[in-house]
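**Student:** Got a structure for you, written out below as structure tokens; questions coming shortly.
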Amino acid sequence: EFKECFSLYDKKQKGKIKASDLMAVMRCLGASPTPGEVQRHLHLHKIDRNAELDFSTFLNIMYRQMKQEEPEREILTALSMIDRQKRGVISVSELRAKLTRLGEKLSEEE
């Protein structure tokens, strides 16, 4: 999955992606980096924003990002923002409304 997504952005088929595409590739794989986090990853690996990075470096960056993200905490924080009345629950319709406002397309089953 990582290689597949990386390859989508490896437009020249050289085994490298543009540093400017890093955030998009990371999000393609479910990570949620901020622009600041992406910049820190690039700085740590001494990669200029206009340079390219190889798959090995990308894997290292993804490992660090996924290690620092706490999906459960992020989900709870997001849900608590939706639950303005602090009931501890949200309805399916509330969740659907928020997700579709953010651009998510959902089927009835989802």
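Glycine residues also receive a Cβ, built from the backbone N, Cα and C atoms like all the rest.
These came from TrEMBL, pasted as-is:
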DOMAIN    1-32  domain 'EF-hand'
DOMAIN    70-105  domain 'EF-hand'
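For each feature listed, report its degree of burial, its nearest neighbours and the pertinent distances within the displayed model.
**Tutor:** Computed over the domain 'EF-hand' (1-32), the whole-number mean pLDDT of the model equals 93.
Within its own chain, the domain 'EF-hand' (70-105) has Cβ neighbours under 8 Å at 32, counting only residues six or more beyond its boundaries.
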**Student:** Based on DSSP, tally up the residues of the domain 'EF-hand' (1-32) by helix, strand and coil.
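**Tutor:** Once the DSSP states are binned, the domain 'EF-hand' (1-32) shows 18 helix, 3 strand, 11 coil.
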